[in-house]
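Structure first, commentary second.
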Amino acid sequence: MLRRDLESGVETKDNRALNNSNFNNYSAAPNSYVYDPETHWTSWLVPVFVLANVVVFIVAMYINNCPTKNQGDCVAKFLHRFSFQPLSENPLFGPSSLTLTKMGALKWDSVVNHRQGWRLITCIWLHAGLIHLAANMFSLIFIGIRLEQQFGFVRIGIIYLLSGFGGSVLSSLFIRNNISVGASGALFGLLGAMLSELITNWTIYSNKAAALLTLLVIVVINLAIGILPHIDNFAHIGGFLTGLLLGFILLARPQYGWLEQRHLPAGVRRKSKFKAYQYTLWIVSLVLLVAGLVIASVMLFRGENGYDHCHWCHYLSCVPTSKWKCDDS
C-alpha cells in the first residue's frame, strides 16, 4: 500500500503541537465541507457492482435453460435449468453465445447496422461463464474497494462506467465477427486510474518508485495475457487508456497544507490548490479523453474498420504461434 510522505515525512513535537492548534481553530469555525485528502469513505458502490454482476449471471443462466436445448450434454445437470452449456461450446461454465447476444453482448453488426448502441454498456455486466465472472469480481473487489475508500463512490463509479464504455468502443472498432462480454475493460480502467493517480500525486508519496514498478508489471502482465486467442485485448486497452486519462482528471489530490491555509489572515499569500503540472495533466487528459471517445464513436457508427487505419493492430489482440491460430476479426 502506498504511504503518503507528508512534506518531509517527519512529524516533530512542534509540528504536532501546531497541528493540534490548527485542529482547535477549525473546530471553532462554522461547519462547512471541504475536500480532505485524508478522508476515507465507506465502500458500498463496488459491492453493489459485484452483486449486480452476479445477479445478471444468474439471470443469464436461468434464461439459457440448457436442458431444453442440449439434452444430455449439459454440465452440472443437478442445477437443472441453471446447468452450464457443454464444455465444447463454452469451456468457462456459462450460457450459450445466443443467450449472451439476446441479453446485450457486444456485437458489431447489432451496434452499427441495427443502431443498438446500448450494447456498449450492457456488455460490461455480462460474463461468458462462472470462471470469467469469478476472476473479474475478485479483481474488482481487490482494486475497486481500496480506490472507493480513498476517492469516494462518485469518481470511482464514473471511472468504472466510462472505462467500460471506452473499452467497448475500441473493441467494436476492431472485432466484427465475434461477440464480447465482461467487465475487463472497466477493471483495466481502474488499473489505469491507479497509475495516473500515482503519477499526478507523485510528490506526496514516499515509496512511489516501488509502487510505480509494481503497477507497471501488473498492467504489462495482464495486457500480455490478452494476446492469447479468444481474449478481447482491445477492450482491455480501451478501458485502460480511458481510466488512465480519467485518473488525471478526477483523482488529483490538493497540495499538502492547502486546507490549513484556508484560515490564514487576509492578505497572506496562499498556495494554489494543485501544482502546475497537475493542472497541465488535467487539461491535456480532458482534451484527449473527449476527442478520443468522440472520434472513436463516430468512426464506429460510420461502420469504419479499425484495421484500415492500423494494419498491425491485430497483434495487440492475438499473436499467432505454432500452438494456436488467431481468428480473423
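Positions of Cβ are set from backbone N, Cα and C atoms, glycine also.
Automatic prediction, not curation, is the source of TrEMBL annotations.
Per TrEMBL, the features are as follows:
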DOMAIN    115-252  domain 'Peptidase S54 rhomboid'
TRANSMEM  44-63  transmembrane segment
TRANSMEM  124-145  transmembrane segment
TRANSMEM  157-175  transmembrane segment
TRANSMEM  181-202  transmembrane segment
TRANSMEM  209-228  transmembrane segment
TRANSMEM  234-252  transmembrane segment
TRANSMEM  279-301  transmembrane segment
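Within the chain, the transmembrane segment (279-301) has long-range Cβ neighbours (under 8 A, six or more residues past its boundaries) at 111-112, 115, 117, 165-166, 169-170, 172-173, 196, 199-200, 238, 241-242, 245-246, 248-249, 252.
Just going by CB pairs under 8 A, the stretch in 44-63, 181-202, 234-252 that sits most against the transmembrane segment (157-175) is 234-252. Taken as a whole, the domain 'Peptidase S54 rhomboid' (115-252) shows an average pLDDT of 92 in this prediction. Secondary structure of the domain 'Peptidase S54 rhomboid' (115-252) per DSSP, as helix, strand and coil residue counts: 107 helix, 2 strand, 29 coil.
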